[in-house]
Amino acid sequence: MLRSDPLKITIDGIETEVEKETTILQLAKKLGIEIPTLCHHDAISTYGACRVCTVEVGIPRSGGGKRTRMVTACNYPIRDNGLNINTKSERVLAVRKMILELLLARCPGVKRIQDMAKEYEITESRFPIENPEEECILCGLCTRVCQEIIGKSAISLVGRGFERKVLTPFDEPSEDCIACGACAYVCPTGAIKIVQEDGKLTIKNWKTSRELAKCLECGEYVGSEAVLQYIKERVSLPEDIFKLCEKCRRKKLQKELITTGK
Amino acid sequence: MLRSDPIKVKEILKHYKYEQSSLIHILQDIQVEYRYLPKETMLFVARELKIPLSRIYSVANFYNAFSLKPKGKHLISVCLGTACHVRGGKRIAEEVERTLNVKSGETTPDLEFTLETVNCLGACALGPVVVVDGHYYGQMTSLKMKKLLSSSKGGRGNGKNEKDNKS
Ligand code: SF4
Ligand code: FES
Ligand code: FES
């Protein structure tokens, strides 16, 4: 396919040119326009679950004029010349407020959502709180990082509607999970709990524990044994990396450098 | 209790040429075979098709057609769609609940009957409608329902409500 000419569009009153298929979010980032997101991560496929990135677009009609639509910036690819995007219109703010109120009702205790809501002058939701402990917004970032980046697919979104949850198969300890913690790292709400006790790393949500490996030199924990094993299988790295902690590795390297006199 | 037999599952897999994209068909056939998706068959399918177990579990939980618990020999669907509801579908459902001592979605401990309620079977003129093992029964009354239950018990049944179950 021929590379198409850049498209001329307007975003928040700024006229600019943009490569076709760029998402609104990508463009906004480039221009320093801030759009809130929860379920988006640059390294993970988009899913459009949280809706807080909603913006307004005016799409030119063939017969002239524009039709206005509310779209999610993270997964809306720019394809039309003359698109007029507004990330802060009154309508956008109203929609975002509503979404944040709904999210706040689902996860009333989550700091990130509280803060986000506060920015839109919302401190309380008018919707009923079903479960004050709930912390998961079902954005699916954890399931996607596990599948796309780690390559394990240990967890998935299970069930429909208000019964939907992230679970391991049968809600039992997972054989696939290596306790790498990537899920907890990407989770926007801190819903995934990892604890370290008795030489083990346990991801509470997935009911899964993995042994921790110790540094051969100092005895500090290096990380989940299963993770080290997994990395070992995939990339060739010097054996040391898997046996020593970061500090001891550096010390050893220093010593080697000094004794070889380089 | 039915034990899942890997040979049966292998046949099903072969029939679909071990295609990952046929997962739903494969699970459907397993569901028909065992009247539920036994855990070990899901593990087996995951291994054979090289599909993550988490995805199979997710699919199995998504569609109403799949059940993770054994279903009864006879599937009773009582319609509670608008038309059937106003004609007393609710009373029929309660009759079944009382007689079998199960709630909607549950199965009797002897694995004879599974009760479910549905929203409109597209035969509103016949309401209240009940479907047992693929046979439609219209203008149901509590009395008719009672009789139907006692005549069904012990019969063969197929645990599914599909119209292809002609007799
Ligand atoms: S646990 Fe976190 S990352 Fe996973 S779906 Fe819930 S909010 Fe998203
Ligand atoms: S960031 Fe766009 S929908 Fe969540
Ligand atoms: S409402 Fe029962 S068949 Fe339509």
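Numbers here mean position along the shown chain, with the first residue as 1.
Glycine residues also receive a Cβ, built from the backbone N, Cα and C atoms like all the rest.
These come from TrEMBL:
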type    : residues                             : note
BINDING : B:Cys79, B:Cys84, B:Cys120, B:Cys124 : [2Fe-2S] cluster binding site
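Annotated features taken from TrEMBL, shown on the structure.
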residue  : record                        : DSSP class
B:Cys79  : [2Fe-2S] cluster binding site : strand
B:Cys84  : [2Fe-2S] cluster binding site : helix
B:Cys120 : [2Fe-2S] cluster binding site : coil
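Comparing Cβ neighbour counts within 10 Å across the binding-site residues B:Cys79, B:Cys84, B:Cys120, the minimum falls on B:Cys120. Taking the centre of the Cβ atoms of B:Cys79, B:Cys84, B:Cys120, B:Cys124 as the [2Fe-2S] cluster site, the nearby residues of that chain (Cβ within 8 Å, site residues left out) are B:Leu80, B:Gly81, B:Thr82, B:Ala83, B:His85, B:Gly89, B:Val118, B:Asn119, B:Leu121, B:Gly122, B:Ala123, B:Gly127, B:Pro128, B:Val129. Of all Cβ atoms in the shown protein chains, 17 besides its own fall within 10 Å of the Cβ of B:Cys124 ([2Fe-2S] cluster binding site).
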